[in-house]
Amino acid sequence: MNPYILSLLLLTLGLGTTITFASSHWLLAWMGLEINTLAIIPLMAQHHHPRAVEATTKYFLTQATAAATLLFASVINAWITGQWNIHLMTHPIPTTMIMLALALKIGLAPLHTWLPEVLQGLDLTTGLILSTWQKLAPFALLLQIPLQNHSILMALALTSTLIGGWGGLNQTQLRKILAYSSIAHLGWMILIIQFCPSLTLLALSMYLMMTSAAFLTLKINNATNINMLATSWAKTPILTAIFPMTLLSLGGLPPLSGFLPKWMILQELTKQDLALTATVAALTALLSLYFYLRLSYALTLTMAPNTLTNTTPWRFPSQQITIPLSLTTMLATLLLPLTPTLTALFCI
């Protein structure tokens, strides 16, 4: 793709998200979401491959459905209450419709079925944008809507944590595994959003760091399925030794950074007298941890079939930029000792 066109699309992507961030009017928020969607469509279809075109079409139809539902619900809310302000959602029907539209946009279960298929059809760089940046604008709206005593949110969250763990168990494609990982993490964020929005922000920040580290590592190794992970030792031995820690951090295993948001969320749920909900969420996290352990096993304890008896063939040094990878990997694994600082920063 022409670098000028690529720059324009990336700037438009940032503009759409910024408009949604800055708006308190439903029409402007909807406009930002639409600009965001239209900017990423050419990025998704830039590789003229049937799978990429199929993924782009599925993504466009899903996002268009969610945006139409959101606009319809905001018009209904304006008709009932006379208000377009995001903070003044008072009627339960348009509020529920908007929550479901935003759940479809980010891929919460049971509205998740598009996400693994779309992510599987994209290259790793565009998949990284879809898994991280595209979650920001809908979450900005979810954090602004008054959310009190909405049992539908708890149902969506618990379903997402369960399906996110269950769906990834029998997958061999790494992009689909990361898609189900995204669904599970989104469930944890939505679980706590009506009780402690700052914890949702903390969980979202940690998810962005850990997912970025995972995608950038796979991009360096050029790995798209589990079998290709077995060749990583010959390519990048140090990175291959570090990558299991990133995966286990995604699973929420102490003493890694990913344990921090899960720990704080379970603590807050217990304070809200939701011990059963916290127990179910913790048990569903074990499902996700299983397939992260499976990936770690494929990375560290298996070797690719090789009939040569001599040393591993050399390869050209990678020309990719590694500073973002090193930063995100460090943040994804070493932040747990900074828990008091982070809790003070997020005012938890």
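Cβ atoms are placed via backbone N, Cα and C, with glycine included.
Bear in mind that TrEMBL entries carry predicted annotations, made automatically and left uncurated.
Annotation comment: TrEMBL describes 23-287 as domain 'NADH:quinone oxidoreductase/Mrp antiporter transmembrane'.
Residues or ranges marked as domain 'NADH dehydrogenase subunit 2 C-terminal' by TrEMBL: 289-342.
Annotation comment: TrEMBL describes 60-80 (among others) as transmembrane segment.
The transmembrane segment annotation in TrEMBL covers 92-115 (among others).
Beyond the transmembrane segment (151-169), the same-chain residues lying 6 or more positions past its ends with a Cβ under 8 Å from any Cβ of the stretch are 96, 99-100, 103, 108-110, 112, 116, 176-177, 180-191, 193-194, 277, 280-281, 284-288, 290-291. Feature annotation from TrEMBL assigns transmembrane segment to 151-169 (among others).
Sequence annotations record features per position, and here TrEMBL assigns transmembrane segment to 190-216 (among others).
Annotation source TrEMBL lists transmembrane segment at 236-253 (among others).
Sequence annotations record features per position, and here TrEMBL assigns transmembrane segment to 274-293 (among others). Remote same-chain partners of the transmembrane segment (274-293), defined as residues 6 or more beyond its termini with a Cβ less than 8 Å from a stretch Cβ, comprise 154, 157-158, 161-162, 164-166, 168-169, 171, 177, 180-181, 184, 187-188, 191, 247-248, 250-253, 262, 265-266.
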Mean predicted confidence [pLDDT] for the domain 'NADH dehydrogenase subunit 2 C-terminal' (289-342): 78
Spatial neighbours of the transmembrane segment (92-115) far in sequence, C-beta under 8 Å, 6+ residues away: 33, 58-59, 62-63, 65-67, 69-70, 72-74, 76-77, 80, 134-135, 138-139, 141-142, 145-147, 150, 152-153, 156-157, 159-160, 162-164, 179, 182-183, 186-187, 190
